[in-house]
Each structure stands twice: as structure tokens, then as C-alpha cells.
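As given in Swiss-Prot:
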- 62, 64, 123, 140: Zn(2+) 1 binding site (BINDING)
- 66, 67, 140, 181: Zn(2+) 2 binding site (BINDING)
């Protein structure tokens, strides 16, 4: 299959935080979307410049600060549109320049490249994944090695279970996963790999999932690399 886009992972750091954001470049138009821009603005702008790509949009998986803190400078520099789920916007009263709310199953596009928006609550009330033809950008819903915590306002381990089951049922095994954080594995592993190495993909009963996700004294939950 000839892809219409390229994925450019960017690892960013600030103090104790390590995040992954992603530039998706439409090959023909050289237009770009950035997913969850965080911490190091120069890495994003330098990558765009090297690609000779024009930033058209920012796609946000959720509203936590470590995933949205570069929205303001990027919208000022590029006048880019900003996408976030309507549920997330309404629940947390998120506001920014050029904000566009998205519904479940809605489609966004740049050039010849399209993505389906999947509502995946659990880590937050209105988390959203962006499913391209061969790639899914999952924020803090699914990591290669785990899933997001479900302890903050709007979180729900029950909804996290449902969201992971949805990904398992609706996303093809060959699709590559690009999460917001990593515990050591590089982004871009397939859904099939997660079935083998991610315990949250292996638990099929909601009761067991919730007990395991909410267990006490979990260690290393923010040990991102």
C-alpha cells in the first residue's frame, strides 16, 4: 500500500517529563499535522523547516498540560487549526485559538491524508485517538507497554477498558501505534505487538482490568524514557 503520509516522531523533554509528539506530513501537498506538541518548540519548528512542510493543524488527544503546552505558540506562528474531542472540551472547559471540536467517527484531513477520530475516554473524560491508514496516535490511552492512569478528574478505569476493547476490535493488527509516552520501547510498534507485550491488551474481563489498573502502590508509572 502506498502511503500518502510520513510520520516523524519527536521526543521532547522538560525537567522530569519525557513526551512524544508527532508530525504527520502529507507527501504530495507538504502540509502537516502535529499531534500533542509539547515542551521543545524548536524541535518542532526545525523539523517542519527541514521537511519544507507547512503546519496546517494541531491534533490533541487530550487536554493535560504536557500534551498541549505548545498550542499557543504554534497557533500564533502558523495560524493552525486545533482539533480536540467535543467531550474533552466541554468537560474541562479547554480553550485555545482556532479550536475545532470533534465528534466520534469524524474525519480530519490534510492534503490527500485522512484520519478517523476515535473517542477513547478513560485517562480523561474525552480522550481521542487519531487513526490514519497505517498508524494510530493514542496519546495517554495506550502505550506500547501499558495504558494511561485512571486517577484524575474525569478518569475511569471502566471506560479505559472499553476504549482498549474498541481499539482491539476496530484497529487492524498491522497498524502502528504512536503513543504520547514510552517506558523504553520506541514508538511505532504494531497492534499485534501490543497483544503480545501489553498486559492491558491481554485482560478481557472488565472486573479484572479495573482491579489491576487501580491497584495500590504502583511503581514507575511516570518513569517515561
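In case you wondered, yes, glycine gets a Cβ from its N, Cα and C as well.
Sequence-distant neighbours of residue 64 (Zn(2+) 1 binding site) (same chain, 6+ residues apart, CB-CB distance under 8 A): 124, 140.
Rounded to a whole number, the distance between the Cα atoms of residue 123 (Zn(2+) 1 binding site) and residue 181 (Zn(2+) 2 binding site) is 13 Å. Taking every protein chain shown into account, 62, 181 are the binding-site residues, and of these the Cβ with the most other Cβ atoms within 10 Å belongs to 62. With respect to Cβ neighbours within 10 Å, the binding-site residues 66, 140 differ, and 66 shows the lowest count. Cβ neighbours within 10 Å of residue 67 (Zn(2+) 2 binding site), excluding its own Cβ and spanning all shown chains: 22. Sequence-distant neighbours of residue 123 (Zn(2+) 1 binding site) (same chain, 6+ apart, CB under 8 A from its CB) are 62, 139, 140, 141, 147, 148, 149, 150, 155, 160.
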